[in-house]
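Step one of this worksheet: look at the structure below.
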Amino acid sequence: MKASEIRKAFLDFFAQRGHSVVKSSSVIPHDDPSLLFTNAGMVQFKRTFLGEEKRPYNRAATSQKCMRAGGKHNDLENVGRTARHHTFFEMLGNFSFGDYFKEDAVEYAWRFLTEDMGLPREKLYATIHEGDSEMRLGPDEEARGFWARYLPADRILTFPTKDNFWSMGDTGPCGPCSEILIDQGAHVGCGKPDCRPGCDCDRFLELWNLVFMQFNRKEDGTMEPLPKPSIDTGMGLERVAAVIQKVPSNYDTDLFAPMRAKIAELSGYRYGTDPEKDVSVKVIADHGRAAAFLIGDGALPSNEGRGYVLRRVLRRALRHGRFLGLDRPFLSEVAVAVMESMQDAYPELLESRNFITRVILNEEERFNETLDNGLRLLQNEIRRLRDEGAGTIPGALIFKLYDTYGFPIDIITDMARDLDFKVDEAGFADLMEKQKEQSRMHWKGSGEREVSEAYRQLSAEGVSTRFVGYDTLSAQSTIAALVRDGQAVEEAPAGTDVEVVTSETPFYGAAGGQVGDQGVIVGPSSRVIVSDTLKLPGDLIVHVGKVESGRLRVGETVRLEVDQALRGDTALHHTATHLLHSVLRRVLGDHVKQAGSMVAPDRLRFDFTHFAAISRDELAEIERLVNEQIRVNRDLQVREMNLDEALKTGAMALFEEKYGDRVRMVEIPGFSRELCGGTHTHRTGDIGLFVVTQEMSIASGVRRIEALAGRRALDYLGRQQSVLHQAAGLLKAGPFEVAERVEKLLANQKQMEKELEALKSSLTSKRSADLLEQAEEVGGVKVLVMRVEADDPKALREMNDRFKERLSSGVTVLGAHQGDKAFLLVGVTPDLTSRVHAGNLIKEIVKTIGGSGGGRPDMAQAGGNRPEKLQDALDLARKLLRERL
């Protein structure tokens, strides 16, 4: 049975039992700041389990895209080395939100595995929670009883909390687990006579985990039974496919066959003939899948957070490609094999094919360049270490090459061996462990606001806010809750900061890149200045403000009034953003995708994918086309419809947004169509004017445009014109002559700088000739030890070069100081390096000025922070040279 058939059979099985088949959420959990990646099927239902979000169904089934690389769940280093570890995988799961519980969950799992999948009943085991005295919980006898309907007692095993109890955090929903295992036979395992379920080998393979969410763990650790227990299950598709297809590893399933075939075609290597090269094939296949799905869901390579993990995944695959002889870009072709093989389940991959392959190819080219730079650095450092007499490559250098340049450790080790160098493996391992710890502790999430317990409680009680701000900027409503410092309160006196929740509001809560509204809330005896508005999960809109006067109370009827001018300016910028997005795709190409945005009353910022700097002509064309659409003055059309219906119209859905079944489509007829919950103008002509103020690169393959619309754009052009006229006045030229006049001034300045450098060089040459007359002879060798005037080490080097031009044979030791810094330089002509080593000499004298340094046999530099000891250092150099010459 193919993996695609297993996936379909699973979803069909649960659909027939009243489950809603829910589409996989993004592998990037944009609405959960606690997670780096979606790592389990329950992630998209987390707020439902917490009672913060209601769904139109109470049982669901999914095949969820998951990623485990970075953060707490990190399988990256094990990938390719084991039969089961992956960075990207699919998790099959069924869920109950207060509907069925243990009895049905056990029955469904048993029937699917034994009847639909045909797994042998006599090979299956089940585990249950053995209980926990600290949690005051006994063994899960209820689950044991249900399993006893299908399994003999000796194949129902108890395991401790660390294996068979699941919790969402230190507090909140939690409960015991049951795992289903299959005995694959003694030939698969470790061969030990006492091998049994729980052994680390693959004989007793964990297939399916059933979590019985039946408790709410309180802050004091007590377990309170949930009023509506729930079910969360997970089974890896790759793992169950390996069992059903009777292959030794997940990588031998049909899921990975297209990638293995493509790698064989590109490299000429036949999988299964060399264990070490097989590891590389597995790594490339796995990482190619991960990269395709990550980029498809909106991740881009960068040096932090999710983008950094993606970059590491890509570069790890590329390094393994080199082990197979793949020196040219190849991973984008493996990614195409992924997309084509997964198109039935994930058609969105093929839709983004050009974009995904372009991102990967761009990163491959950058990596090859980086690898070349790293190779040069390694060669230079080995040369320096040899000159200094060192025999070991430091761990810090290895780590820099590995972390900064993505340099393969094997290449470093091989080069070291060829040159009779050792490698500081312990130092490198220590730095790697520190990096892993920092990755676990300090990864950057999605930046979403954490929801306080007060709001979780409100959601659980069914409190929500109805937004009426599309149609009106003022409304009357009732105060449903007041929150101060994360705690719900009954009232808020004058002068206090407060967060206000009402039953309905015209205030737009920050979402989709648009900032929250500002305005006032007026009560019977109070007035609140609203400085921001937030949209929280569970349809809660929170007004953040300060009580200006009076006392605000829960239950009061209040008047909510949005600042009309600010809302209007925000609307202009939001509609302008839609125009800009559409124009960018027309001018630059369909590969342009939104990578982030900010829409405010005073400006807009739009981040998008593009792989080259935007030329001045392109930028002018972008600005012209946006303004052309403004002048056309098109009517905006806003419609609500089903998500599938909207997508069929070609509406653009943004990967960072989470959409419900009903969506709002904003259309500028004939020009733009996007899913958007923000506020807009009625006609494009309302924008008036659009001006780009800045364009820049913010990451590899990501550009940013900042722009102004409406009166803000007009103000900007007015200020710009004022500055232009001021500059024209200073230059005594007309406004249109300013650029030409500045070009002439810059050309004159450049010529004068060249003349100045020539004069300096002439003076230095003359000074060098004068100083050279003061050289003394020591043992038949000309030696110049002197304190000179030089602003920095570079000037000192230039002076030394002048001496070398005039000295056919000799040694120079020069010293200079600038402020609280002292500089030393030792130069030795090639014929004398066997008698005087510049690097060794400078190490001996630099200690005098409280510094350090080194260098080659013929030239070395050093610096220190005790300039008052400079003459002592020079005297020591003179003394040492007399002894050695």
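A Cβ is built for glycine as well, from the same backbone N, Cα and C atoms used for every other residue.
Per Swiss-Prot, the feature Zn(2+) binding site maps to H574, H578, C676, H680; the stated evidence is sequence analysis.
On the structure: features taken from Swiss-Prot.
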{"residue": "H574", "record": "Zn(2+) binding site", "Cβ neighbours (10 Å)": "24"}
{"residue": "H578", "record": "Zn(2+) binding site", "Cβ neighbours (10 Å)": "25"}
{"residue": "C676", "record": "Zn(2+) binding site", "Cβ neighbours (10 Å)": "27"}
{"residue": "H680", "record": "Zn(2+) binding site", "Cβ neighbours (10 Å)": "24"}
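DSSP gives H578 (Zn(2+) binding site) a helix state. Mapped onto three states, the DSSP output places H680 (Zn(2+) binding site) in coil. Within 8 Å of the Cβ centroid of the Zn(2+) site, not counting the listed residues H574, H578, C676, H680, the chain contributes A571, T575, T577, V599, L636, V666, E674, G678, T679.
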